[in-house]
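Right, I'll just put the structure down here and ask away after.
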Amino acid sequence: MEDEAVGQVSVRFKGENGDELGGAGILLPVSVTSNQLQILCNQLLESSDDPVPISFFTEEGIEIVGSIEKSLEKIDFEKTLCLVYQPQAVFRVQPVTRCSSSMPGHGEPVISAQFSPDGRGLASGSGDTTVRIWDIDTELPLFTCKGHKNWVLCIAWSPDAKKIASACKNGQIMIWDASTGTQIGKTLSRHKQWITHLAWQPMHKDPSCRYLASAGKDGNILIWDTVKGTVERSLSGHTACVTSIRWGGEGLIYSGSQDRTVKVWRASDGIICRNLVGHAHWINTLALNTDYALRTSCFDPKTGCNRPPSESECQKVALRRYEEALKVCGGERLVSGSDDFTMFLWNPSESKSAIARLTGHQQLVNQVMFSPDTRYIASASFDKSVKLWCGRTGKFIASLRGHVNAVYQVAWSADSRLLVSGSADSTLKVWEIRSRRLHFDLPGHGDEVYTVDWSPEGTKVVSGGKDKVLKLWRQ
């Protein structure tokens, strides 16, 4: 009897919002598998007729893969083991395995490429001063948007997928109609130096997609009324180049700068709410745990990314999807990555102190990105690695090694099960998150890969870089 008792552990289940499931602890053998836990949890949720896939994690962020005893080094039999259950995306994204098209056209390196929020459009910006809009079905260029006089450094689709903003090294912004490739309104000129980042106001706050924020090397953040073509508000406070901005869903704008600070601004009046300090060098990149919900706005991948019938309906769906994301992650969190090789995880609406400092990279951090389910953070670094971290605690999970040169960018699949990385070694690599292993190696580019994006509905990946070619990758 004693041996049998030692092989059992009391388990209780808790939702990500903190709600207990099933009350007191349930005595289970330590050999119980994650599949058996799923069956039990679905019964407790009264969803066994239509079971949903569920993942289980300890409160420290360790995932139960296989059995409890195989997943945990130490089990305290005196205490009840609390497992946080998380229903997974019911739809599954298949890994991209082949290049379906190499799309030449740009005359200089491709600096940015991005799918539209509904996954049906694709735009790219290049050193050749043009923005190109591509037909994903025929894999041919639809429009070449000319007007910039210098390198196009960044592009951003509006949340309604109807417009594309582009910004160049001259400090000018142009807005393009995605359906015709023609410029909308006048060129927006106020920045004194080049523009580093663009961010549209989220759809649930601005269903007409009128307002756009831009960050510049001049240290300024400008909020534009793109209909009038005027600056609505100027956010001044940084003392060096602003490298990254995020327009959050709670009415806040987050900015990271080479002055080593992250600032939190109220978008409505431009007041600085918080100044987040801790980094010892330039901040290169910011990400919000709500980024995916904000990016896809009213386009739900579960329903085929179809557009709701009216603007007010679009706003309602975007708000519902944002609120659902907030419920899962327990509040809007921010992660910053820096030239000091570290990252910080913040809860900016509640505290100016960081939740955690994430250390482990041996060189500067290029990009950070939360998974769509908010569970993970992925970071890309010049140290040739991609690292995975817990999105709630910042705890280190794994290093994904395989690239032989700097990793510039990463992109998540819509179901958070896969990650793609692009590198200076000219390859893309697809990683499986559960096993933490390389799933597919995707060579094909002739030079460094600067930009990579996974379409919001999960069926394709785009990459571009120094070889001036855009590549589409499919399943």
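Using N, Cα and C of the backbone, Cβ positions are placed for all residues, glycine too.
Nobody curates TrEMBL annotations by hand; they come from automatic prediction.
Residues or ranges marked as domain 'NLE' in TrEMBL: 9-72. Summarising the annotation, TrEMBL assigns repeat 'WD' to 103-144, 145-186, 188-234, 235-265, 358-399, 400-441, 442-475.
What's the neighbourhood like for these features in this structure?
Confidence over the domain 'NLE' (9-72), given as mean pLDDT on the 0 to 100 scale, stands at 84.
Look at the repeat 'WD' (188-234): DSSP puts its residues at 0 helix, 24 strand, 23 coil.
With a cut-off of 8 Å between Cβ atoms, the residues of this chain six or more beyond the repeat 'WD' (235-265) that come close are 193, 196-202, 204-205, 213-223, 271-277, 279-288, 290-291, 293-294, 322, 326, 332, 334, 336, 338, 344, 346, 348-349.
Note: the repeat 'WD' (358-399) comprises 0 helix, 23 strand, 19 coil (DSSP; helix = H, G, I, strand = E, B).
Through the fold, the repeat 'WD' (400-441) approaches residues 63, 65, 88-89, 91-93, 95-97, 292, 301, 363, 366-367, 369-373, 375-376, 378-388, 447-454, 456-458, 461, 463, 465, 467, 473 of its own chain, all at least 6 residues removed from its boundaries and within a Cβ separation under 8 Å.
Long-range Cβ contacts of the repeat 'WD' (442-475) within its own chain (Cβ-Cβ under 8 Å, at least 6 residues beyond either end) map to 91, 93-115, 117-119, 122, 124, 126, 128, 134, 136, 139, 292, 295-296, 299, 301, 304-305, 405, 408-415, 420-430.
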For the domain 'NLE' (9-72), DSSP counts of helix, strand and coil?
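In the domain 'NLE' (9-72), the DSSP-based counts are 15 helix, 24 strand, 25 coil.
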Residue counts in helix (H, G, I), strand (E, B) and coil for the repeat 'WD' (145-186), per DSSP?
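Across the repeat 'WD' (145-186), the residues distribute as 0 helix, 23 strand, 19 coil.
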